[in-house]
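My questions will all concern the structure given below.
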Amino acid sequence: MKNFSFLKKKTIPEETRKIQINDREANALKTFPKNEVSTSKYNFVTFLPKNLFEQFHRLANAYFLFLLCLQLIPQISSLPPYTTIVPLCFVLTLTAIKDAIDDLGRHRSDKHVNNRQTQVIDENDIIFRKWKDIQVGDMIQLVNDEFVTADILIISTSEQNGLCYIETAELDGETNLKVRQSLEETQSIGDDIDDLTNFRGEIECDLPNNNLNKFQGNLKWNNQTLPLKNDNILLRGTRLRNTQWVVGIVLYAGSDTKLMKNTNKPSFKRSHMDKLLDKIIIGILIFLLFLCLTMTICCSIWEYEIGSSFVIYLPHESYISSNHLRGSIQIGFLVFLSYVITLSTVVPISLYVSIEFVRLLQSKWIDWDIEMFYEKNNVSAHVRTTTLNEELGQIQYVFSDKTGTLTQNIMTFKKCSIAGQLFGYVYDSNGTEIEDLNKLEAVEMNGDEENFLWFDKSLIKEIENHNENVERFFILLSLCHTVMIEEKNGQISYQAQSPDEYALVSAARAFYFTFQNRTQTTITIDIKGKQFTYNLLNILDFNNERQRMSVIVEKDGQIYLFCKGGDTKIKERLASNQIELLKQTDEHLNNFANDSLRTLCLAWKSIEKSQYDQWAAKLNVANTSMENRDEKVCEMYEEIEKDLLLIGATGIEDKLQDGVPQCLQRLTQAGIKIWVLTGDKIETAYNIGLSCRLLTNEMEIQMIEETTEEEVEAKLSQIRNLIIEKIETLFDVQPIDKTQRLNWKQLGIDTKNFDLFRKKSLQASIQSDLEDSFNQSTINEFFEGFAILITGQALIHALSDRLNMKFLEIATMCKALICCRVTPMQKAQVVELVIKHEKQTTLAIGDGANDVSMIQKAHIGIGISGQEGQQAVLASDFSFGQFRYLERLLLIHGRLSYLRVSKFLRYFFYKNFAFTFCHFWFSFFCGFSAQTVYDPMYGALYNSLFSTFPILFLSIFDRDVNDNYSLNKPYLYIPGQKDEFFNKKLLIKSILHGILSSLFIFFITYLSISNGKMIEMDLQSFGFLIGTIIVIIVNLQNALQIWYWTIYYHLALWLTILIYFLFHLTLYSTYLMKFFRTNYTYVGVAKQILFDPKFYLILILICVVLLLPVFIQEFYRMRFIPDETNKARYNQKYRYEEKARFIEHIRPKKHLRKRLPRSSYAFAQQEGWGKLITSGIMQTKKKPQTRASHDLNIHQRKSRIYSSNLTGTL
């Protein structure tokens, strides 16, 4: 056994990873994966077997393969095998080609990434290697603006103190810069080739995992063990910014990198309707087997009792026993298989050929929709998976990224309040605010800020008049920050820690208050061409508890403190004489909040030299304390930040993508729950939720920020009790059983209109509030549901096996859920939780690599072609350029696709049961012999030529209302979520309709000719007569189902019937027989039947019997018991609702604010860079050290040389 490698004992997995630096041979023994990645599903070898395996997972394909095998047996088959081979191969080939095209796109993307080149230090030289050839333990060098090749440990950087700056957009969607740092001990190596080549050591670290925020390890080097942490690591997917070069050691490569660990392999997706169809087909097949078994029993009895008398005339085949009983059983068994083939048309293979064709053309409506074309980026909508179109009409949950998906991640300075005076609003002569920017003329600003627009000329006049308060306002903006400076082509460029900081400093520059330079101890600003240098004494940095930052500066012997932060934090620290100014500023803050702007308060004070010296001494003691240092430092910050003088407030717009609030509002009205999964901080997400109307001030909003499992469990219990208490207080419901799962549907409350289910006293109270114009006495009674914001740390525990169902219960009771600081894998886990336990249709939408996991996990994945690359698009099923197009995709294309496919399937089963059951009724007249009643040519063309084109055109062009009505009446989307147009009940109804139609067609025809008054009938004539009536009936039945008649449908309907007659008159003519010199048994039948007037009497009779009741039923249903769709059609035609909408429009609005949005600016950033600046770590970028002559080629790509000192904030 020892000689067989596959029987060898498995090695015990290691608990940590050990890497030898610059030693490929030693690392090769540990079989670390290379850096090549693959996101594709197939390769050249696995494509055919894997794709066929996936396709035969579809029950219908497996069923048709079984039928094909039966048709290859001549003793039981009445149909040639090619009738199944050709369409089956067509379906399989078409699907395989589509899958191959999709996967080729993934292969091209993988090839592009794997063939990128990076610099590797190898044997005293720097060479270029492709990413796919990089191995664990290699030493690589990255340059500015380069993507990080793998997960690497930083050895040294171009910065003096080992700092480097990265952008993590592909990991968490954030574009603000983050700081990483090398070890102090290794930074001295710099970029010296010899030292780097001779660098030897061992790294012991965590095994590969998907935690983006955690890393532990040790570096054993130079007889010392150095601890490693997350700040020393650069992850694959990040991008080097504002740093000339970085040298690092590869820790994890390829599939082991944290980015790839957060990425799922693409899965095979099938629509909800496809899965339901599989279940239905199983039921139909069981029913078919029952029919065949019935025919087998009847045939055996008939053969034993009657058929044996005719053996002398029609002898049995040699393989049939001469014993009557045994022979009858054998014949019955063969007839069973024959009927399986004959009656198999209840589920024809043309169904799948046709539905693939319908889906393909429906996808083209999306591709060709000019309203979904994003002209700015020249991006049109694109369908990457055509089999999911109807799934778009059944979405119940949307999981969305925030940055780049809902927002543009661009902050803009829009409004401000200075010393009680409001700026940023422009009014016309009547005192009405002008909101249309096209009617305004922008003020000429500083040319360095070309994209900054300002329309309020009054602020410019105040600056020109040297208003002291206005100047102090902009001086604060240009001093109080942690922005870094980078000089590009002689122009100053700002590198900010957050977009908010950048917006404020850029706005100050636009008004000619330019932040120009900083050192460790000074800040220089330019005011209208004159330079002023302030001595930087202290930075009182931002953190989550302080929610503000301050700088203390000195100029001309006078010391100033400038502070900016959240409104609540600033108000607490104002001097007592600021009350009047605070009231005015509060009103302005309310205006900013109503405009969904991110608000921030500014304050200052002058400090006496003696007072500052005393405080600075205390601060120094706190900074050197060995116990509770952070708490003591914060106390000192609190001591100096008192008795401030209010300067004013700012309003910053976090630019949403165009149309996002309207889109989310319509999707919510359509019964779709929106969950936002973002990498941003909870406060940022909160205010974006308000801006895009996902959250409202009438919601009960709860935040879960706990860090332990016990705390999270307690918080979830607290929120659950709050929900129960609120429901019992506001709504007229029975006492809630707290042991049962909470569910709005079981409580009998419609979440789209809570007011209808209020207690009577509360309804009267609300009406009284409306009439009293915002009476504050009952303001707390206004309620629009619940919402939850949860952090990534808390989500780890909430998704655990013990708490996930409790979390899901509470989350599904909320109108909105926002998950913050989540990893890509957590996004996928949240989606999976809903799919697994709620059994509802989900959609995930995002624009970056960090969204790929949830896009692949959801039933529908949508990629936005944004600024974060094409990874999301390549992994998606649909793609377009802006989030707002989602409403058109779902409410128009998705809804119509669902309606059309539902009609298509119901009709297809109806017409095929009507066609097939004529065989069943005929069995009672042919000794149950499986004799077909139709011409084989007719049977082969029935589904492909004589009954398919009208339903195809209906499935492509039919619509109930126009696009505007679909968007303006989102509730029309709800029937798709409830499977109201295609379900088992409706399908059984269609099947029974088809069986009943076949019964009337067969027996009315049979009874009409059996009295002998019609011309003498043979089997061929009878079969042609029934076949003709079926074609006319099923096509007219299809015409009764269509809503939207077009010239294309008219042509398809009438030409189909005309082609039927022309085809059979030609096929059954004597001319064709003479031309081919064959004796076709149906020659002359068409002419004989069609020229007999009694045929038309039978046709009219059957039409009246079968179509008139359907017409009356549809008329009665649409006229007297219309559903929402029919009501919308009537409203579109007769405009019944115009008056009602007008009256509703002029009613007083009931939306009263319970609270104002939280100030978010100071919360929206990480802990500041103040310590790095004042400690001297973050300094001016020096000219890079030159290398030995043999390394000069590397410096041909040298980064920019910085002339200004990069220091901290003031």
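Note: Cβ is positioned from N, Cα and C throughout, glycine not excepted.
TrEMBL does not curate its annotations; it predicts them automatically.
OK, TrEMBL features for this one:
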type: DOMAIN; residues: 19-85; note: domain 'P-type ATPase N-terminal'
type: TRANSMEM; residues: 280-304; note: transmembrane segment
type: TRANSMEM; residues: 331-355; note: transmembrane segment
type: ACT_SITE; residues: Asp401; note: active site, 4-aspartylphosphate intermediate
type: BINDING; residues: Asp401, Lys402, Thr403, Glu501, Phe542, Lys564, Arg598, Thr678, Gly679, Asp680, Arg821, Lys827, Asn850, Asp851; note: ATP binding site
type: BINDING; residues: Asp401, Thr403, Asp847, Asp851; note: Mg(2+) binding site
type: TRANSMEM; residues: 913-934; note: transmembrane segment
type: TRANSMEM; residues: 940-957; note: transmembrane segment
type: TRANSMEM; residues: 986-1009; note: transmembrane segment
type: TRANSMEM; residues: 1021-1040; note: transmembrane segment
type: TRANSMEM; residues: 1052-1073; note: transmembrane segment
type: TRANSMEM; residues: 1093-1112; note: transmembrane segment
Does the transmembrane segment (913-934) come close to the transmembrane segment (280-304), meaning at least 3 CB pairs under 8 Å for residues 6 or more apart?
yes
What's the number of neighbouring CB atoms sitting within 10 A of the CB on Thr403 (ATP binding site)?
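There are 29 such Cβ atoms around Thr403 (ATP binding site).
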State the Cα to Cα distance, in Å, between Phe542 (ATP binding site) and Asp851 (Mg(2+) binding site), rounded to an integer.
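The Cα atom of Phe542 (ATP binding site) is 30 Å away from the Cα atom of Asp851 (Mg(2+) binding site).
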Measuring Cα to Cα, how far is Asp851 (Mg(2+) binding site) from Arg821 (ATP binding site) in Å?
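Roughly 13 Å, rounded to the nearest whole number.
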Looking only at Cβ atoms, how many others are within 10 Å of the one on Asp847 (Mg(2+) binding site)?
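Other Cβ atoms found within 10 Å: 30.
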Against the transmembrane segment (331-355), which of these stretches has the most C-beta pairs under 8 Å: 913-934, 940-957, 1021-1040, 1052-1073?
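Comparing 913-934, 940-957, 1021-1040, 1052-1073: 913-934 has the most Cβ pairs near the transmembrane segment (331-355).
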Rank 913-934, 940-957, 986-1009, 1021-1040, 1093-1112 by Cβ pairs under 8 Å to the transmembrane segment (1052-1073) and hand me the top one.
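Selected stretch: 940-957, with the most Cβ pairs under 8 Å.
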Please determine whether the transmembrane segment (1093-1112) and the transmembrane segment (913-934) are in contact (criterion: at least three Cβ-Cβ distances under 8 Å, sequence separation 6 or more).
no
Suppose we draw a 10 Å sphere around the Cβ of Arg821 (ATP binding site). How many other Cβ atoms does it contain, all chains included?
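For Arg821 (ATP binding site), the count of other Cβ atoms within 10 Å is 21.
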Can you tell me which parts of the same chain pack against the transmembrane segment (940-957), counting only residues 6+ beyond its ends and a CB-CB cutoff under 8 A?
79, 83, 345, 348, 350-351, 354, 357-358, 361-362, 900-901, 903-904, 907-908, 911-912, 915, 934, 1027, 1031, 1034-1035, 1038-1039, 1041-1042, 1044, 1046, 1048-1049, 1052-1053, 1055-1056, 1059-1060, 1063
If you measure Asp847 (Mg(2+) binding site) to Arg598 (ATP binding site) at Cα, how many Å is it?
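Asp847 (Mg(2+) binding site) and Arg598 (ATP binding site) have their Cα atoms 24 Å apart.
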Given a Cβ distance threshold of under 8 angstroms, which distant residues of the chain, six or more beyond its ends, lie next to the transmembrane segment (913-934)?
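Same-chain contacts beyond the flanks: 78, 291, 295, 298-299, 302-303, 306-307, 335, 338-339, 342-343, 345-346, 942, 947, 990-991, 993-995, 997-999, 1001-1003, 1019, 1022-1023, 1026-1027, 1030, 1033-1034.
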With every protein chain in view, how many other Cβ atoms are within 10 Å of the Cβ of Arg598 (ATP binding site)?
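There are 29 of them.
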Looking only at the domain 'P-type ATPase N-terminal' (19-85), report the model's average pLDDT.
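Mean pLDDT, the domain 'P-type ATPase N-terminal' (19-85): 82.
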Could you tell me how many residues in the domain 'P-type ATPase N-terminal' (19-85) are helical, how many are strand and how many are coil under DSSP?
31 helix, 2 strand, 34 coil
Per residue, counting other C-beta atoms within 10 angstroms of the C-beta, which of the recorded positions Asp401, Asp851 reaches the highest number?
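Selected residue: Asp851.
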